[in-house]
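What follows is a single structure, written as structure tokens, with notes after it.
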Protein chains: 4
Amino acid sequence: MSGNSFGKLFSVTTFGESHGPAIGCVIDGCPPGMALSEADIQFELDRRKPGTSRHVTQRQESDRVQILSGVYEGVTTGTPIALLIPNEDQRSKDYGNIAETFRPGHADYTYWHKYGVRDPRGGGRSSARLTAPVVGAGAVARKWLKERYGIGFMGCMRQLGEIAIPFQGWEHVANNPFFAATADAALLARLETYMDELRRAGDSIGARIDVVATGVPVGFGQPIYDKLDADIAYAMMGINAVKGVEIGAGFGAVTQKGSEHGDELTPGGFVGNQSGGVLGGISTGQDITVSLAIKPTSSIRVPRRSIDKAGQPAMVETFGRHDPCVGIRATPIAEAMLALVLIDHALMGRAQCGDVRVDTPRI
Amino acid sequence: MSGNSFGKLFSVTTFGESHGPAIGCVIDGCPPGMALSEADIQFELDRRKPGTSRHVTQRQESDRVQILSGVYEGVTTGTPIALLIPNEDQRSKDYGNIAETFRPGHADYTYWHKYGVRDPRGGGRSSARLTAPVVGAGAVARKWLKERYGIGFMGCMRQLGEIAIPFQGWEHVANNPFFAATADAALLARLETYMDELRRAGDSIGARIDVVATGVPVGFGQPIYDKLDADIAYAMMGINAVKGVEIGAGFGAVTQKGSEHGDELTPGGFVGNQSGGVLGGISTGQDITVSLAIKPTSSIRVPRRSIDKAGQPAMVETFGRHDPCVGIRATPIAEAMLALVLIDHALMGRAQCGDVRVDTPRI
Amino acid sequence: MSGNSFGKLFSVTTFGESHGPAIGCVIDGCPPGMALSEADIQFELDRRKPGTSRHVTQRQESDRVQILSGVYEGVTTGTPIALLIPNEDQRSKDYGNIAETFRPGHADYTYWHKYGVRDPRGGGRSSARLTAPVVGAGAVARKWLKERYGIGFMGCMRQLGEIAIPFQGWEHVANNPFFAATADAALLARLETYMDELRRAGDSIGARIDVVATGVPVGFGQPIYDKLDADIAYAMMGINAVKGVEIGAGFGAVTQKGSEHGDELTPGGFVGNQSGGVLGGISTGQDITVSLAIKPTSSIRVPRRSIDKAGQPAMVETFGRHDPCVGIRATPIAEAMLALVLIDHALMGRAQCGDVRVDTPRI
Amino acid sequence: MSGNSFGKLFSVTTFGESHGPAIGCVIDGCPPGMALSEADIQFELDRRKPGTSRHVTQRQESDRVQILSGVYEGVTTGTPIALLIPNEDQRSKDYGNIAETFRPGHADYTYWHKYGVRDPRGGGRSSARLTAPVVGAGAVARKWLKERYGIGFMGCMRQLGEIAIPFQGWEHVANNPFFAATADAALLARLETYMDELRRAGDSIGARIDVVATGVPVGFGQPIYDKLDADIAYAMMGINAVKGVEIGAGFGAVTQKGSEHGDELTPGGFVGNQSGGVLGGISTGQDITVSLAIKPTSSIRVPRRSIDKAGQPAMVETFGRHDPCVGIRATPIAEAMLALVLIDHALMGRAQCGDVRVDTPRI
């Protein structure tokens, strides 16, 4: 209720700060009877973890996850699954200079005003490090959705600053440090150079990410408020640094006519997917397609005007170890969030309509 | 929980279908002691109601609201406020031809698959008519936020199909049927002509809407999940036909550098508002700025390919009375939704941190 | 969240005050596809309604229910079911003398302190009249539980003041005005005389009620917090005037040894039901047995010491029309509440474990 | 939502099983700015922990708590407080003989039927060991309620099997192993002897516990459903082994007349406390008084009839280390649960009515 739990039936409550002893989460509502090991979760955590290339933060964290509960003899029991990820590389002194000032574009200012107290080490609770437990919980959700419905999740970067990245195939995503769905060596080299220059300049850059869920049955979602697309928008806008969310045609729908936008139906299925797989807040059985705008990291070395806690002018330069493009590591996070939304609606659909209807063939 | 309630502490539960006897809502959590009359609510309902120009649906509904509870001698008592809006102009026969088929781009298909049964009259529960109770509840929220914090809400259309509409001032919005913030007579005439041609063609068109909240104190919002911007995205994407949501710079942030995007601070306040008034999920004290993409209405006269319930091919032409641009009436709806999000966070802030901190001067 | 909704997945939000224009509720989460008419609901409302004998309040209310939404062509659609019950016999003047003082044992005092404002007419929101919508919602829940699982609900009065009422059979309950499960004419006459004397004295009396659910599958309930028995205790203690709740052996368990209390198991099932059908918060497949203590009505004619809003001494005598034993009409209310708890757990069980396991034969 | 979280605004999510690596909880919603150390929490955990006398389980657990998050430089930050309590003395082999059978009166049977899988070691999730994190969270709640409102909590045993224990003063509770509010040496000796004989016989016994909250302001609680007494009943009935709950007069109200039960008011305050400090679901400003019936432990050495997973007859004798009267350690648990209910209502009251009204002097 105070904003640290995600989901109603598959509910994930996270805890921890960037430089505390540990971060983690409690997953409440995972159905019983599913095989689950730490390796299932570690795979996704490793996709997100820092230090995997020179283009992301150099903080050294193995992000080794421990399952503390909810699994007995390798099988989920239906009771809460607690995940613990120790913090290993806290360097609180890196942040000493920002404890008394506010970084432009950062939660420093608002946390301090809301709570009257904050943990300034690494951004404390507002750090993107807190997406690690989410990715862990997402891995559990993904496994269940895969086994129960055959649902899969993919994501890729589509734009880095001014550089658009064409989509050539999901198989390329794991082969470069940008989650780019391309094998175009020249383009990848250009991305490398772009990031290297940015890092030298001490600045950061925005990005655009696409995420897709495949194999989703028709019938996930609630009408009016807990619409599937509304919950996706909530999940995505809640990821650190996200400033915009689109489903299907997104802002492209502004200039479309009804006769262009509405996906026609034939006995073989829908013709086109302008809807992004959601109509009236309920899944259509097509791919769910989502697009995100991610702002540039606010912690940069470029000096900026700000104020201190007393309201006096101060210049702020942020040292420490930061992602020059927080959008790079956003792909596995966005996939995890999409999985968390879908499992919640899958369980909700079972509650309301029973399992059978949700599995209705998609014509 | 089944998706018909909005908000946690100022919770609005709606009921009704487009062509049933009545629609309405129950507002649970309105603080006691506020003067409230039906006139306070009617004003906002009249801004949204159908039949106010030839560019919106010609359904004749007075949308006359009754307060059934929660107000004693003109003052809220802290108990649930039930609002009832009778349906007056049901013409169910208009929809007879779509009971057995699915309109492309419409919730017909997904409702039928999810529930195995649906009320086809006017779209039943999925009708945009169900935004009327939301606007009613929003009027209550707006009054409290105005009196308690001085918060105001404005919205306007910024684009109708290909026609961009420049912002010239909020005072113009009420003087034209498009909620356009302009007094440019030539532009308004062009919008009229555009809509007339579209209506004759039996087609529909998308739109872009901006909504703003002013006077918001610093400190509204929760970290991690119930971020203010995440809840706004949820609220906006949940409005019928919305396909995209932006906060502040929105998708413009993709091409921004950190040194451009992060709003600097001076003793006089923030310089710029790329953040849209939210940092780390918590309000900054600046204006909250939101932008929405609204898809074209799916109920159009243009014949389209579809299937019937048996999966056989069928052509669908929708008669009945529909908005050729559902974006036109979306402005007061989006304002209402934004108010519902803010009052919920206002109350949540009081719970967690007490009233004083929320009122902290914004430096 | 502000305390006017009951249930998480089958969620009932009530509204209204004793002497406002109408009372009612919105039921969110009723599964689609169930036949439902106003007659199904009216039957239960008539069991609870006032004026059915001289031993209950003489207020004349037909409690005629209207379904405003959620049912199409006689079948539930999965969308919210709104029930409206107009108030017909408001006599606000009866209560004029208590608007400025506080009845001993009544919510007058606490409502006024909490909200700073209250509707004094008939107790406003705190009136037992507000149990009518609950009974209506309960009727919907009972129908679904009956059709889906064969679950039934019965209740009876077991004690009226000092007079214990033996249980002789459920078939007797409908044949006397006390919901007594007995055909003992002498005992029933004694109850009549007892109530007549009490009414003449202007006083009121407590009662003890038993409620039972039969046919409940094994597996309803959640561990740790949303235990089935915890939710039953919450539901029952929330009924106006209830001061104690027991499950199974109840307070009798205080003097039992483990070798007496623990119900042994044989291949034919449990031997005994000390548990009241719940172990570890989860249903055992046996009858759920609940017992309630109901305090005497606080609105009595006997003069009592109190204070007025200014804190000055005042004598209070309550006229108006009141139940001299609010326990009499409590039986159908308690049955309804038990049904609301069970349907919520039935749906929750479907969400978490699927339908099949819940239907597991009870060995 | 799946039953492992308690509270809406001060929300406690627990995790862990009796014999897993650790148990713990995440507290979401603790207001910022309160001094908090592990010692504050350890004090209450030590009151509950096993092995403190020969009359409770001899399992050796230091129940040493670690704060993993939510506290910075000794002060709460408003972010989640995670508490971790490692399990130290797991002896899983003690339970080997019950993995295939069901203990009469135990959750073994229902967990297995609901989930189809269970962790049988020490009762897994259903173990009373899981009350430790609750006591930890309760300690945090108690500290805040004490500092903010001056609220205090006390509890004592009032009956052990057939032996009634008179109340002589709270100061005695800490001086004997039974939480008895008496200094009567003969009575205490009788309790010792009674427990020794019971332990030798391999049996167990029920108990009755009283819990009281003092200093509660008038105005805590919601009308209709989230009544303060309803939430207390939910909290108490949710404690392992509780079968009955009373508020104030409790079942004594059955034989009371209205003129006896309703507490009169004078300018000096209420005369009597039959209400137990709650009227209409809202606190009166008097002491909150609660009484609990606790059943005898189901894990006993006395051989009992049962069945195995195949439904075949089996005799069950439970070895391992169990409390012969689970009621003894229930006192600090019940105090903690009462604190968790009150802090939730304190925060809810701030949300709805602001802080000032809740602090209104109690006349």
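Indices start at 1 and increase along the chain as displayed.
Glycine is treated like the rest: Cβ placed from N, Cα and C.
These numbers come from a predicted model, not from an experiment.
Annotation source TrEMBL lists NADP(+) binding site at A:Arg48, A:Arg54. DSSP classifies A:Arg48 (NADP(+) binding site) as helix under the three-state reduction.
Sequence annotations record features per position, and here TrEMBL assigns FMN binding site to A:Arg125, A:Ser126, A:Ser127, A:Asn240, A:Ala241, A:Gly280, A:Lys295, A:Pro296, A:Thr297, A:Ser298, A:Ser299, A:Arg321. Secondary structure at A:Lys295 (FMN binding site), as computed by DSSP, is coil. Taking the Cβ of A:Lys295 (FMN binding site) as reference, residues of its chain lying under 8 Å away and at least six apart in sequence are, in sequence order, A:Gly105, A:Gly206, A:Ala241, A:Val242, A:Lys243, A:Val326.
Taking every pair among A:Arg125, A:Ser126, A:Ser127, A:Asn240, A:Ala241, A:Gly280, A:Lys295, A:Pro296, A:Thr297, A:Ser298, A:Ser299, A:Arg321, the residues listed as contacting FMN, the largest Cα to Cα separation comes to 44 Å.
Remark: of the binding-site residues A:Arg48, A:Arg54, A:Arg125, the most isolated position is A:Arg54 (fewest other Cβ atoms within 10 Å of its Cβ).
Each of the binding-site residues A:Ser127, A:Thr297 was assessed for Cβ neighbours inside 10 Å, and the highest tally belongs to A:Thr297. If you take the C-beta of A:Ser299 (FMN binding site) and look for same-chain residues 6 or more apart in sequence within under 8 angstroms, you find A:Arg103, A:His106, A:Gly123, A:Ser204, A:Thr318, A:Gly320, A:His322. Chain D lies within reach of none of the binding-site residues A:Ser127, A:Ala241, A:Lys295, A:Thr297 when a CB-CB distance under 8 A is required. Listed binding-site residues (A:Arg54, A:Arg125, A:Lys295) with a CB under 8 Å from any chain B CB: A:Arg125, A:Lys295. Packing around A:Ala241 (FMN binding site) is summarised by its Cβ count: 24 other Cβ atoms lie within 10 angstroms of its Cβ, all protein chains included.
Here the candidates are the binding-site residues A:Arg125, A:Ser127, A:Thr297. The one whose C-alpha lies nearest to that of A:Arg54 (NADP(+) binding site) is A:Thr297. The separation of A:Arg48 (NADP(+) binding site) from A:Arg125 (FMN binding site), Cα to Cα, is 18 Å.
A:Arg48 (NADP(+) binding site) sits 16 Å from A:Thr297 (FMN binding site), taking the CA atoms of both as reference points.
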